[in-house]
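Residues or ranges marked as active site, proton donor/acceptor by Swiss-Prot: C70, C182. Per Swiss-Prot, the feature substrate binding site maps to D7, S8, Y39, G40, N71, T72, T183, H184; the stated evidence is sequence analysis.
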Amino acid sequence: MKIGIFDSGIGGLSVLHQAMITMPEADYIFYADVDNVPYGEKTREEVRKLVDHAVGFLVDKGCQAIVLACNTATSAAISYLREKYKLPIIGIEPAVKPAVEHTSETGRRVMVVSTPVTAKGEKLKRLIDKYDDKHVVDVVALPKLVRFAQDDDFDSSDVTDYLKCEFAPYNLNDYSELVLGCTHFNYFKDSFAKLFPDDLEMVDGNTGVSNNLKNTVMKKGIFTEKDKGKKGSVEYYYSDRKMESEAEMKHIKKLHERLERMRQI
């Protein structure tokens with residue numbers, strides 16, 4: 001069973017990381033379009049074209065299901081891709097529903113942080129319209145955070161100063177929920193935790209999309225008896241280039257280690 005996981009950059013490793021925990025039997029191909037990151041500052045048409053190329057690449061590699069581990073790509077391209085390709089394509093979306101539901105206990109607000117494309121997109125608007133009947137959700141675009149992540153700059157003073165500047169119009173004590181609406185943002189949970197109240201709950205779509213992936217491949221018969229108990233594998237591609245050198249794999253290992261630390265926050 002071969003599964004493709006796509007993102008504009010290294011953010012999607014957080015989805016891969018969770019998928020490997022949820023379904024360790026799978027053989028994964030992770031594709032990060034690092035030559036064209038960040039997607040959140042491009043037009044929807046540009047994003048759609050880039051994602052179409054990456055999905056075609058994964059299909060050619062024999063993937064039987066594909067996860068768009070990118071909120072921006074999901075928002076801009078998933079409907080088009082599902083019409084074009086016959087295999088299951090699973091998207092990720094900001095976890096607005098559980099965050100809003102939790103505010104019934106806390107009586108406070110929800111902040112959704114995302115890229116500009118996701119923030120302005122119809123998909124997020126529909127989610128908020130559907131679940132935010134008490135109007136407790138605020139959306140903040142953090143485009144530079146993707147660039148920080150791609151530069152391995154996770155906890156510098158530049159990151160802290162940027163977040164403080166973007167959050168300056170808001171009283172952060174008003175928020176009990178922070179929805180991470182971009183997979184790159186999982187690398188910065190420690191930075192968010194320093195700025196928000198101690199009881200802040202950070203939610204992302206990683207567990208939900210991993211469970212959805214598992215349910216889909218079981219239902220479609222992609223996961224078969226021969227996959228049970230099997231030890232899976234991972235191949236990594238950066239914009240069509242396979243990552244194989246010792247230095248490249250060492251760097252990817254470090255990113256997984258950071259994501260595991262952030263998962264514990």
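Glycine is no exception: its Cβ is also placed from the backbone N, Cα and C atoms.
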Pairwise C-alpha maximum, in angstrom, for the residues (D7, S8, Y39, G40, N71, T72, T183, H184) that bind substrate according to the record: 12
H184 (substrate binding site) - helix vs strand vs coil (DSSP): helix
Non-site residues, in chain order, whose CB comes within 8 A of the mean position of the CB atoms of D7, S8, Y39, G40, N71, T72, T183, H184 at substrate: G9, G11, G12, V37, P38, C70, A73, T115, T118, V146, C182
Distant-in-sequence Cβ neighbours of T183 (substrate binding site), under 8 Å, six or more positions away: D7, G11, G12, L13, S14, V15, A69, C70, N71, I92, D204, N206
Local backbone state of D7 (substrate binding site), from DSSP in three classes: strand
